[in-house]
Amino acid sequence: MVHTARFLDERPTEIASILAGGYNHPLLREWQNERQLTKNMFIFPLFISDQDDEETVIPSLPNIKRFGINKLKNYMTGLVAKGLRSVILFGVPLKAGAKDNVATSADDPEGPVIQAIKLLRKEFPDLYIICDVCLCEYTSHGHCGVLYEDGTINREKSVQRIAAVAVNYAIAGAHCVAPSDMIDGRIREIKLGLIEHGLAHKTFVMSYSAKFSGNLYGPFRDAACSQPGQGDRKCYQLPSGGRGLARRALKRDLQEGTDGIIVKPSTFYLDVMSDAAEICRDIPVCAYHVSGEYAMLHAAAEKGVVDLKSIVFESHYGFLRAGARLIISYFTPEFLEWLDEN
Ligand SMILES: NCC(=O)CCC(=O)O
Ligand SMILES: [Zn+2]
Ligand SMILES: [Zn+2]
């Protein structure tokens with residue numbers, strides 16, 4: 001049917017626009033994305049233990065393993081070949097006596113994190129290495145800081161020890177340190193330490209500013225063998241309703257000089273992510289899709305409730321919409337393949 005011009009008063013008046021005209025073609029649907037998921041925004045978590053030959057499956061985290069230093073190169077070679085750009089390291093001390101009051105083993109030069117930094121820097125020179133920095137993995141009491149006699153956190157000593165660990169990771173070659181303790185003053189202390197060691201100009205500090213407590217860290221604790229003792233919340237995490245607290249924490253870390261910030265968990269906290277993108281608009285915001293979120297999607301897919309690839313894309317696009325620029329995700333290996341297929 002050929003279109004013939006109509007006079008103004010003959011036009012239907014009720015329709016202003018037809019939205020479907022904007023997304024009825026597969027390519028148009030792509031064009032609706034303000035931003036695309038790309039390989040370079042993915043950061044893959046790696047669990048490195050002090051058992052040098054370990055390669056252990058973690059049942060609650062499908063497809064994710066914990067590695068000893070001797071197994072790392074082989075595993076990483078395949079991922080780097082597929083385009084992996086960045087990892088975040090978590091050290092897992094399993095040896096008897098590896099934990100004490102001040103987390104001595106956190107920055108042991110022979111310990112798994114420092115050994116892994118050196119190995120990865122040498123074997124994969126283009127890989128960007130981030131280190132999670134916290135004491136809780138390495139303290140006998142399981143808290144994220146150094147304690148007074150009465151068991152309360154000694155803020156001063158905690159931030160000094162946390163900063164020392166961060167600086168030692170940077171000295172070993174970490175490109176980025178990511179303190180996850182949430183204790184006031186640690187970003188400033190880390191920055192001062194990096195300046196003192198001439199490393200401030202090449203070390204990125206990415207703070208876990210908005211880290212919420214909740215039910216989504218279970219599989220991580222299996223991977224890191226860090227079940228909290230005596231029902232005490234080890235980390236000083238925000239209550240899930242605490243949007244205002246998160247905004248204050250974001251502002252605090254920004255003021256202390258952080259270079260990037262992490263919102264964790266991700267899917268249930270997209271409002272906080274969007275707050276972060278607004279409050280910290282000049283620095284990258286990173287979404288941490290945590291272990292419980294990962295395990296939930298796997299479980300739902302196994303039940304046939306969802307299609308895994310499709311729901312993972314959907315959830316990760318949510319982070320981009322909310323304003324995240326980086327994503328820490330256990331699905332990184334899958335994305336390295338999926339993004340080639342698309
Ligand atoms: N600092 C890292 C965590 O506490 C947990 C992350 C996860 O559950 O994947
Ligand atoms: Zn901690
Ligand atoms: Zn922690």
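Residue numbers in this text run from 1 along the chain shown.
Cβ coordinates come from backbone N, Cα and C, glycine included.
The active site, schiff-base intermediate with substrate annotation in TrEMBL covers K211, K264. Taken from TrEMBL, the feature Zn(2+) binding site applies to C134, C136, C144. What TrEMBL lists as 5-aminolevulinate 1 binding site is R221, R233. Sequence annotations record features per position, and here TrEMBL assigns 5-aminolevulinate 2 binding site to S291, Y330.
In three-state terms derived from DSSP, K264 (active site, schiff-base intermediate with substrate) belongs to an extended strand segment. Listed recorded positions: C144, R221, K264. Those with a CB atom under 6 Å from ligand 2: C144. Recorded residues C134 (Zn(2+) binding site) and Y330 (5-aminolevulinate 2 binding site) have their alpha carbons 20 Å apart, per Cα-Cα distance. Remark: of the binding-site residues C134, C136, C144, the most isolated position is C136 (fewest other Cβ atoms within 10 Å of its Cβ). Within 10 Å of R221 (5-aminolevulinate 1 binding site), counting CA to CA, the recorded positions C136, C144, K211, K264, S291, Y330 contribute S291. All protein chains considered, the CB of K264 (active site, schiff-base intermediate with substrate) has 25 other CB atoms within 10 Å. Only K264, of the recorded positions C144, K264, Y330, have a C-alpha within 10 angstroms of the C-alpha of K211 (active site, schiff-base intermediate with substrate).
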